Each structure stands twice: as structure tokens, then as C-alpha cells.
Amino acid sequence: MFGAASRMDTTAVCTGGVTESRGIVDSLQKFSSLPAYLPTNLHISNAEESFFLKEANQDLTRNSSLQARVEPFFIYRARTPPIINASYGPFSVEKIIPQELLLTSTAFGNMDKFPFNWKLKSHILDSSIYSNRPKVQTLFYVTGMGWDDSDLTEDLPCVKMFAFPEAREVAASCRLQGAPGLCVAELELLPEWFSSGLDLEPEEEIPALLGGTTMELFFTLYPADKAGQCPLEEEGKWENNIHSGLESPQQAFPARERIGSVVVYPTQDDLKWSLVSLDENVVISVPLNLVREGDTATFLVSLTSSSVADQFTLRIKAAAGVKITAVRVSSEDQWAVQEEIDNGSTQTSATLTCMGHRPDTQSRVNGSFYEILQVDFGIDNSSDLAGAQQITWQVEYPIEDSMSELVVSEIFVSQTTFVGIVPLAMDTEVLNTAILTGKPVSVPVKVVGVQEDGSVVDVSESVECKSADEDVIKVSNNCDSIFVNGKEMKSKVDTIVNFTHQHFTSQFEVTVWAPRLPLQIEISDTELSQIKGWRIPVAANRRPTRESDDEDDEEKKGRGCSLQYQHATVRVLTQFVAESPDLGQLTYMLGPDWQFDITDLVTEFMKVEEPKIAQLQDGRTLAGREPGITTVQVLSPLSDSILAEKTVIVLDDRVTIAELGVQLVAGMSLSLQPHRADKRAIVSTAAALDVLQSPQQEAIVSSWILFSDGSVTPLDIYDPKDYSVTVSSLDEMVVSVQANLESKWPIVVAEGEGQGPLIKLEMMISEPCQKTKRKSVLAVGKGNVKVKFEPSSDEHQGGSNDIEGINREYKDHLSNSIEREGNQERAVQEWFHRGTPVGQEESTNKSTTPQSPMEGKNKLLKSGGPDAFTSFPTQGKSPDPNNPSDLTVTSRGLTDLEIGMYALLCVFCLAILVFLINCVAFAWKYRHKRFAVSEQGNIPHSHDWVWLGNEVELLENPVDITLPSEECTTMIDRGLQFEERNFLLNGSSQKTFHSQLLRPSDYVYEKEIKNEPMNSSGPKRKRVKFTSYTTILPEDGGPYTNSILFDSDDNIKWVCQDMGLGDSQDFRDYMESLQDQM
């Protein structure tokens, strides 16, 4: 495992730019934020909006193996079943996301034939129910259904609306029709329920309702019968099950959903009026009810409580078709009225002169009005009037010779009688991605009116609309859509858009989600260094960086190359939030622990502030170019503001490739499961099938790079033009390697059964930067192979992407990894010795891969589970004694390869033991021989003798010793022993010693010593000659003797005659003691 304080030992051999790791990394300087996983490409299709996710405090062990990649994702909106695809190289597997993982609406959840994004919405037309109108009307419609979707209209289900007054069920039904699936359910209440006050539950009674009681409404969906009708269930069938809260075990009824509540009043509903003041004396009461052709609308003329007027003239004008049919005096004993009415063909006019007694203002209640007249307006049957018709009012006072301003009132004429209007939208949520992309996001809207008989009329052309807060959401001029354009400053839950038609007003509630700013930029490595030994071609105008200063000038290859810089992966994350309507707190779409990957949305708006320092490639890979500090930015598409910023440092330091992890990929498998904490998030696991199970089955390899600074990156993020790879087989009987013309990666082909580190991957620099004198190999890695042939079965042929055959143990490991709650501090990565098996598992499960690397057709692949020999390890798993699969793996027999390895190990151990015995015997014999040499006069014996002297004649005539070829000889140098006398030589002689150790025995090296002795009296020069001699082994088996012997030490002339050790006798004693020690 490697982390912030981890320290690992490494032994590496570097020869000619080749790095072959022998262990694990030493003293990692930093921890990469990018774990080592299978670098598969994941793609979601058939989804209108979907996001990959990152979980806060995510378990690092979830992605800790080169064999698999685990990614959570979220489907925000989809009409058809989404499909997730995982691919790597030529292998691909896809899976349809099942409906149970999408958490679709419970109303349509049991009906698979409808789109996933359909939701049933309800709108109660009038929440106040009176005894004179004992009818509850609710409009149902389908969100997510297009206005023009007519394919599924014939299969739309029925809706049942029901309530439980006085412990009895009252129900009504309707069938969804057309697009977007509209119907109105009408629930009729019995008269006795109003008189009894509706004996409802105590908690449902609200005293503030002034005598009214609440009644809860519910609905459920069920299919229509063969005739297309919606018959209701038998009376009382639901009573004992739903009202009592019990559920019948014998029969499962459709799930019910709550609609809302209505208030039931025992009184009659009064007409609704609107007051219009003509001046401080006269007030007109305008009815708000719709008027159809042939009907009459009554207007009331009253005096205010403070009025003292007793005579005035009222002038009225109306459009043609609106006629004054009657004028009635409310108090004939108090007021008299003279009428002048003209119901002409072009205009209706009337003059009403009112005279009465002076009113008694003290007898009126404060704030009340004194009614004088009732004026009836009738609608002509042949007028074809529709909409609001204006009526003008003006009052004059003859005595005072004054006149009021002209006041306009309206009467609403309709061909039909509306009871309310309802705005319909295709969705009740808006995801404001316009802030990120600059592209507006809109939701179509329609407005329909519901008549008394339950029929629905489209009134979209004659409505008015206005947003309650345009900083959250806007509405189009013709009221046919609501939209966001990226200029909004806020987001909100249940923000309101008002729609008005005639005198009806309806509010549409919509939730707007917006990205939380600033965005978060995640870079796997924010410190990029040069990679030692990896040279890439550079442009002619850029000065190349030399790897070393001692390169020969005649080397033309590589002269236009510079060192490669490290690469890092980049992604942009954010959270979608909305403010709560009451407290103003933030509400998260998936919760505060989730971040959405929005890199694809902002790729074209990402840039590096200093492109000469670093460069973005495809918006997801950051490559260093030259040392410096710069920032990666996400710019706003609508302004010059910066939405996100991250600092990156490109260093002049050099790192080496410490490890090259290799993973065999013979196919792909894919599994899905809900997240343990939030069921709306789905966790996908894409795994590599690494067991070759049929002869000539093909596979490719995947590789990761571990650098000496601790960062890890997949090799795939580097440009293929900057490197080349060579894959070779270490056992041609098990696997062979074939060249692939369509890809840079060679193909591994199964030949026979076996397993182990049998493939070797060599990574080399590109051809333009190769040097002629040495092969620039950057790193070598070994990958593990497992070939186990199994008999094919016809029932597994076909190429369907079945994931049921994924190894059970691997699935359990991934499940445990996802379900893990804690222990984050120990979840760090492990890098093991190359080729060292981390486990050996047998596989019995099966899977298929749809495509082969060369032929591009379906082949049978059976899953072998996790690789038993991964170069970078999978997360370790302890055997569970309660798990039968673990017991099976533990108790299996040894394979032929394992038996051979154990036998070879025993032979090695035996050889080592014999070697140790020989060493002991040799040491014992050598000890006796040394004692024998000492008894013969302390004649020193050494392999390194040095002859020193100042007689020119002696030095210029080296001794020629010729040995018979049949005699046993050993090479020594005549002279003093090197280990004790090397301090007598000058420095230049010492430097050449290491080169002389590898010279042959007949090689004579001469060098003049230029230093003069301290007592030199002339220009005579000292000369030193190194000569190799031999020691002759006596025929009688006695002790070794030298081929050239000297009588005494007096014949030796030393280079340094005075060592400061005292007189000559002391020096001789010192030398004799050293010889005795040898």
C-alpha cells in the first residue's frame, strides 16, 4: 500500500535507458489522486441527460485493480431504457439499465411498455367544495410525454380517484387520452355528507377552516378493459384494505398515491365579486363568473358608507351584443330611477337618473355599502361574443355640475363554461446547464381550460403569463414555454409562473437546478516533471532539452527531440443545487456527498492560461511542455468571468519510470447495482476477462505507469506517436504474440494451457528519437497469463452480453468494496513485485465478449474471474470460511506448473546445501596450507604483486617466464600485496586500478611516473611496471612457491624511502608482521 507516509524499497537495474523494476517503489514523494484501474471507456446512450458521479470520501479501494473499473452514474432523464457501454480496445460489452434501478414513477412503474420518464401529475381544479356544487374535479396529465406522441395513446391506462368520507369509499375514474394523456375525474359527494359534517379523522380537522373539513384524495392506475372502458372496482372492495391501512395477503392491489386535499363546506357557495369604485360615493360590484350566450350577468350599484349624495346620473356604455335587459331598484321607498336605454346595433348605452332621500350614514355599519340598483346585462345569442367585453361607467352630479372619470369593467363571455385553467408542462424540473454551455434550456408549456362537464379546451393562444422571479426562470412572450438562458443568478425549488385566462389565474410550480459555482477542477497530478530517458520529437523552432551533456555531436538521430513531460487526467465536477422556498437553504439534487462530472459540457470552454507551459488535449488530458506555473481555467460562455481555476506546476525535475504494470484483457464484463446509500445512483463495474479458455483465443494488454514520484497514469493517455511497445512471449508453448496491423498493441494468442508471468512488455521511445548506438528502451514489465481450456457448450454461443457468468468471488469483492463504510485511512494502493502472483483462482462462471481484436466477430469467452497474476494487484480478500466458493479455491489440487516449480525449488535448495559443504571443506584445507607456508620462512603469497625499483636496467628487462602448458598455474603479480601497499602509489596510478582488474594475465601495462623523489639528485625518472606472473604448483603437492624469489628486502628500492615510521629495522619489523597476517 502506498500513501503519504509510506516508504518502499526498490532494486532497479538501469542499463542503456532500460528500467526493469525488481520490487516496489522507494520513498514515494506524493500520492496520486488517480487510482490504478482498468482504463475502459464508459458511455451511456438512450438517455437525454446523464452524468457520471464522484462520491465524497469515496473508498479508494473501489478502484484499486488493473482488472476492473468501478464508476457510479446517474440517469436524470430518459424516454427509452438507457444503455451503458464499456469498451477497451477491440472489446466491448453493453447492458440495458433495468427499470428497477431507475426508480421510475410508481404510477407507471408496473407498466413496462411506457417510457421511463413518464410521470402522472394531478391538479385539483377547486379545492373548496360547497353543498350547491358537491363535485370534486381533478385533471390528470402525463409529464414527459411529447405533444405529438400518438403511438402509445391507445394503450394509456385508466385513473381511479377515491376518498374515504365517513369510513366509506367514494371513487371516480377516467381514462387518459391523447397527448399529453389528459383526463378529468369527477367525484360526486352525497348530500348527507354535507349535513353530517363528514365524520373524518380527528387529525384531518382544521378549526381555522370556518366550519369546513378536509378530505384526502388518492389515485391509482389500472389498465382499461377490452372495450377501452374504465370500470370501477366493486363497492367496499378497497374499504377494508386501504382505509384501515391493512393489505390483503391474497391479492396485491395497485399502489395508491396521494393527490392532495379539498375542504368541504356545509354552506352554499356565494358569487364572487370584484369591486370597482367610480368615485368616493359610488361603487360597482362586478361579477366574476363566466357568462355564456343567452345568460345574464348582474351588476350592483351601491353607495359607500361615507357618501351623502342623494341625486346623481349614471351613464353606461357597452359593446354591441351586450344588452341591458333590466334595471331594478333595491329600495323603492328610498330611491327613484329614470331610465333611458338604447340597445342599438352598434352600441348599447343607458342613462340612469337616481334621486332619493338623504341617506342616514349613522345607521350603516362601518365599511358596508348601501345597495341602490341592480343592472342586468344579457348576452345576445347571435352575437358570437367571446372573451372579455368592456362596459364603461361614469357618474355625474347635476347640482354640483361635476363628473367622475370614465371607469371600465369587464364581463367574461364564453361559448362554454370554464371551472378553471391548468398549465401543462412536459417536465416540472429544469436543469440549468445554460450557465455551462451558453445554450438555452426550455420546457414546452400548454394551458387548457376545464369546463363544467369535464371536457378540456386548449386556451394557450389567449393566455397571459409572467414569472414570479426572472432571476430563476423566464417565460416566453407567447407563453408556450418556460426557459433559462444562462443569465440567471439563482435557483429555487417550486418557483412560480403565473398564467391568466379571462378571470382565471393558475400557478405553475417548477424546480430549477443550477450548478454550484465555482466549479471544481480535478487533476490527477498537479506537478508535472520530465521523464528521464523518454524523448519525443519537437518542433523546429523549439530548443530541445538534451538528456545528457556527453552525447556525441555526430549523433544526428535524437537531436530534434526533447524529454517527455508527465501527463495527467482532468475532469470538471460540480453539484446541482436549488434554494428552498421557505428557509432559503440549499437543496441538493442527489445529496451533498455527490459531485457530477460535467467535463463533456465545458470541454470547449476549458483552456490553459499559459499554453507554452502546459497543454490540454481533448479536454481530459493535461501535458506539460516547459517548466513554469500556470492555471487550468473554465470560462463562462456568456461573459468573461472564470467559472473554475486550478493551479498546475511544471517542474524542471526528472522522474523515472519505476514500474510498468501489465494486465491481460481477453474480453469485458459489465455489472450494475444500486448504490448502498442513495438508490438513485447506479454503480457500474467493468471488468477485464483475463483467462484464455479456448485455443487461438486472442487478447491484448493494458498498461499503467508508476513514476518515481509516486504518481500513476495509464499509458493510454499518452500520444501513441511518442512511444512504441513490443510484447514478447516467454513461453511459446502457452502463448504466442502476433503483430496487429490495425492497432499499436500486439495480440496475445493462446497456444496451450499454463499460467504465470509469461508475457513481457517493452516500452520504447519513438523511432525518430531512437539513437544508433543504443536501443532506447524505457521500461520493461511482465504480465501474467492464465490459459485453461474448457469444453465449449452450444448453449453459450451467441454473443449476447450476459454478465451472469462473472466470477462469484470477484462480484462479492466488488460488492464488499462498495458497501464498505469506513477504514479510509488504510485504503491506499499496493504495488507488488512484477510477476508475483497475488492469488490463484479457478473459474467456473462464463461470459461472452462480442468482438475479437482481429476478426471483429463474436467469440465464446468464459469468465475466469479476477486475474490470479496481476502486475498491479487487485484488492486483497481474505478467504471466508463460510463462503463455499472460497473453500473450493483453497482445497483444489496443484497444477502441473506448480508441481514443477516446487520440484525446481527443491533442487536449488539441495545445490545450495552442497555448495556450503564444499566451502567448509575448502576453508579447512586452506587453513592447513597457510600454516605450512608460514613454517617455510613467511614467504608471502598473493595474486597482486607490485615491483617497485629505480634501476633502469632491471625495469627495462622484464622477466620472461614460460610455463609448461600441462602444469597447473595461477595468476599472481610479483611484488608487495596490493591491499597493504596501495597507499605507496600516487593518485594517477590508483585511478587505473579498476580497469586493470578486468585485463587478461598476459597484458602488460606501462606508465611513466612524472613525480620526482624528494632526495633526487638528477633528472633520472622513476618508472613503474605492472607485470603479471604465475605461481607454480609443485609436483609433489607441497606449498605454493613464487616463480621469482628475492633474498631479502634490502634488494627492494621503495618509491617513498622515508615513511616516518622510525629506523629501518622498525620498518622491516612492520613489513614482516603484515606478511605474517597474510
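Every residue, even glycine, has its Cβ placed from backbone N, Cα and C.
Per Swiss-Prot, the N-linked glycosylation site annotation among the candidates Asn343, Asn1015 falls on Asn343. Checking the candidates Asn85, Asn381, Asn498 against Swiss-Prot, the annotation N-linked glycosylation site falls on Asn381.
Screening Asn366, Asn986 against Swiss-Prot annotations picks out Asn366 (annotated as N-linked glycosylation site). Separation of the C-alpha atoms of Asn381 (N-linked glycosylation site) and Asn343 (N-linked glycosylation site): 15 Å, rounded to the nearest whole number. Once Cβ contacts within 10 Å are tallied over all protein chains shown, the glycosylation sites Asn343, Asn381 are led by Asn343.
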